[in-house]
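J.: My questions will all concern the structure given below.
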Amino acid sequence: MSIVTKEWTKKFEEAEYLDEIIEGLEALQKENNYSDEEMDNDLDVALWRAYVYNNMDSYEYYELSEKTLVKVKDKGVKSGVWCYRYSCALVYLRRFEEALEYSRLGTEVESDYPWGWLQLGRLCYKFNLLDEAFNAIEEGLKLVPNDYEFLTLKDDIENDRGYAYANSHYINEEYDKSSEKRLIDIDDDKLYNEFLNKSDLEKKLDILHKENKNQEIIDIINSLPKEELTYNILGKLARAYNNNDEYDKGMEILLSVKDEGEKDSLWNFRIGYSCYYSGRLEEAQKYFERSLEINPEEPDADVLLRFTYSDLGTKKIDEGKPEEALEYYKKSRELARDTDGIIFSESDLAWAYDHLGKYEKAYEYLKNIISLGRDDIWLHSEVGFCLGGLGKYEEAAEEFKKAIEMGRDDSWIFARLGQAYRELEKYDEALETYFKGLEIDKNDIWLNSEVAWIYDTIKDDCNTGLKYLEKVKELGRDDIWINSEFGWVYNHLERYEEGLLYLEKAKELGRDDIWINFEIGYSLVRLNRGEEALNHYKKAKELGRDDIGLNSEMGYCLDSLERWEEALLYLEKARELGRDDRWINSEIGFCLNRLDRFEEGLLYFEKAKEQGKDDIWLYSEIGYCLKRLARWEEALSYYQKANEMGRDDEWLNVEIGECLGEMGRIEEGIARLQKTLTLKDCDEVLVNSQIGYLYGKLNNSKEALKYLYKAEELGRKDVWLYSEIGWNLADDSETYEKALDYFNKAVELGRDDTWIDGQIGFVQSKLGNYKEAISRFERVYFATPEDNWIAFQLGAVYRKAGEITKAIEILEKSVENTPFRGWVELELAICYALIEEKEKAQEYLDKAELYIGGERENYPDVKKDFEMVNQLLKATSYLS
């Protein structure tokens, strides 16, 4: 009964790797406690072992296969399978006649075993027994019609490719056709002689090496006496250490035989191997290159050198030296021989060119890789990345989705797919994709940054965006981008102090472009640091920005600095560049108002209103503009709208009070101003001054002075107040001296105009200081001869000073156009009466009677002047 059960047979037949069979046989022995002898003498065990050994494709294993099978020869000669496998082993031991003998025997004892006919066909070809060879092929094809191996053998014989070639094919048709590698070349004497020259120990060590029993090799060699530690044995010890991940020990062994090994390609390969897997890439490169220099065919040296070049390229990328990396990747590509090698090396090149931003070049390699058959997660991920770099975001998104469909499920792929959606302005899809990435890695800095950006910039939800930015900051990001983004968000939230801190940090980190200077300026101007803001805006302009945004902000900044003329230039330029919204029209209107260009300012305010601006500020500004144009009723209407919308501060109430006063609704104006005095933080100086002014307009000097004096007590000591107090004091004959004192204070503070001269002249005339009065009035009259009040006062004071002719001359010129009808006529009547031109005196007296006769009862001075003229007219001669 066979040791190998049906269950084990099924497992061995389904095994994917050869070592599974060996391990299975060992497990079978252990489970059933079979002795080594029992195992060695079992035919099925021997056949499965030989199956593995023959497929290891090495002389050591063919020899082991022969030794294994010969132990069951008595049973084996009755088995076609045994004869086939024994014949295969004998072939590689160059015992061809025996191989042919057992091959023939196999087809006799088991004629329905096809592979016995295959082996017989090959050996007959070897001995030029072509008829027998073709017959064997024919018999085999009857059993396995159209089999690749039989058809290939037939083709090789027909084309006389030689026995060695015919014997070197792989069973797998696809691999056999695509691979440049062949099975052992039976005609390779060098390789065979190397095998023959190996000691039994060396052969055993090589078999253990094939079975990955590295520790067993190490233990065996380390147990040997020193005299048996030959160069070759030590080389195998180093190999075992390398394969046992003990690279330093492997290198130590190799360096101990350096003198002998330096000119040996295998020694250079092995020490290169030690260096490569211990991360000493530059040294590995040196040894692998030397190995290939000595023996260009050194097995695996070209592959590991290619890997070394690839890893060095990646290292240079990490060091920020992409151009050097590219050179290494190119060297790797030069070493690629087979399809897999080309795919591997060109994948590196594509990745490197992508890293350099040379997407067109990268795409050329990626297309070639695709044509060679690569179709995996990495490929679709990299193609997506490359297409994104080329701006082909739709195609990039499709590639990323393919990678996801194939099983990629990390934060990187969702970050890239989200970025593609973002570039396509599919922000909802981008956000959804980013969130999928965050489900995988909630602490991914880049993903959190992207989510923050979408909320900040696209969703206009800076508060939510700020939460993500704060998380990114907690995760350790502290670069230019995040500080810039924080600054922008805080500016957007009108938290300018905080925004400025982040923007200045970004600048310290090295950002000094248009954007950062503009944003810092934006913060500063809103923190009332206009001069600093202006410097940053100018820097942005010097760097090349000259668009609507910058010109608008520079205009706004200069407005805040009260540099209206300059501000207007920038605001108008912004408008010329295409800005025509309510902000720019409001700002230009504001600027024009401050330049006293109220008509123009009003046009811009009205345009802003048409564009939808409907707020307190606009109505306040329009009101101010109209007030300055003396359009009191319209101004009042806008002020009242501002008031209805919620503005009820000192400025507005003062403005309304002034309008009411100018409209003759003085009591209402005073009431409005008195209400203002009750407001918190009211400017009592200004409001008391204004109330005093309005009482003055009511000719209520007593009340006026009460408020004006209050303003003076509160600290106001300027030209306007002194002038206003003087004007109200001049209304009472008992306070002319005090009035003159206040007028003189105004002069001392710099007032030097016709109004002050007129007022001083009036008071001086009342005080009987006619010379001083004439001096003041003449100055005014010379400057403004059309001023009828001055003409009247100058004429009157000339008359009082006894200069009747001058008085008549001045008064006659103004009598027809004066608003002081009656008063001028009365003064002329006095003058003509004094020079005894009684008819003219009577004529002007009659006119005076007509205009102001009713004023005699109200004004004692008027009554006195009428009586004086009548007395003069009755007198014979005033002069006598």
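For all residues, glycine too, the Cβ spot is worked out from N, Cα and C.
These came from TrEMBL, pasted as-is:
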type: REPEAT; residues: 114-147; note: repeat 'TPR'
type: REPEAT; residues: 265-298; note: repeat 'TPR'
type: REPEAT; residues: 306-339; note: repeat 'TPR'
type: REPEAT; residues: 377-410; note: repeat 'TPR'
type: REPEAT; residues: 411-444; note: repeat 'TPR'
type: REPEAT; residues: 616-649; note: repeat 'TPR'
type: REPEAT; residues: 788-821; note: repeat 'TPR'
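Distances, neighbours, how buried they are, the whole picture for these features please.
T.: Here the repeat 'TPR' (114-147) is broken down by DSSP into helix, strand and coil counts: 27 helix, 0 strand, 7 coil.
Within its own chain, the repeat 'TPR' (265-298) is flanked in space by residues 235, 238-239, 242, 245, 247-248, 250-251, 254-255, 257, 304-305, 307-309, 311-312, 315, which lie at least six positions past its ends and keep a Cβ under 8 Å from the stretch.
Each residue of the repeat 'TPR' (306-339) gets a DSSP state, and the totals for helix, strand and coil are 28 helix, 0 strand, 6 coil.
Long-range contacts of the repeat 'TPR' (377-410) within the same chain, counting only residues at least 6 positions beyond its ends with a Cβ under 8 Å from a Cβ of the stretch, are 347, 350-351, 354, 357, 359-360, 362-363, 366, 369-370, 416-417, 419-421, 423-424, 440-441.
Averaged over the repeat 'TPR' (411-444), the predicted model reaches a pLDDT of 96.
Among residues of the same chain six or more beyond the repeat 'TPR' (788-821), those with a C-beta under 8 A of the stretch's C-beta atoms are 754, 758, 761-762, 765, 768, 770-771, 773-774, 777-778, 780-781, 827-828, 830-832, 834-835, 847, 851-852.
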J.: Where else in the chain does the repeat 'TPR' (306-339) make close Cβ contacts, counting only residues six or more beyond its ends and a cut-off under 8 Å?
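T.: Sequence-distant neighbours of the repeat 'TPR' (306-339): 178-181, 272, 276, 281-282, 284-285, 288, 345-346, 348-349, 352-353, 355-356, 372-373.
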J.: As a quick check of your reading of DSSP, tell me how many residues in the repeat 'TPR' (788-821) are helical, how many are strand and how many are coil.
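T.: Summed by class, the stretch gives 24 helix, 0 strand, 10 coil.
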J.: What same-chain residues lie close to the repeat 'TPR' (616-649): Cβ under 8 Å, and 6 or more beyond its ends?
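T.: Residues 586, 589-590, 593, 596, 598-599, 601-602, 605-606, 608-609, 655-656, 658-660, 662-663, 679 contact the repeat 'TPR' (616-649) from elsewhere in the chain.
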J.: Mind checking how the repeat 'TPR' (616-649) divides into helix, strand and coil residues in DSSP?
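T.: When I sort the residues of the repeat 'TPR' (616-649) into the three classes, I find 26 helix, 0 strand, 8 coil.
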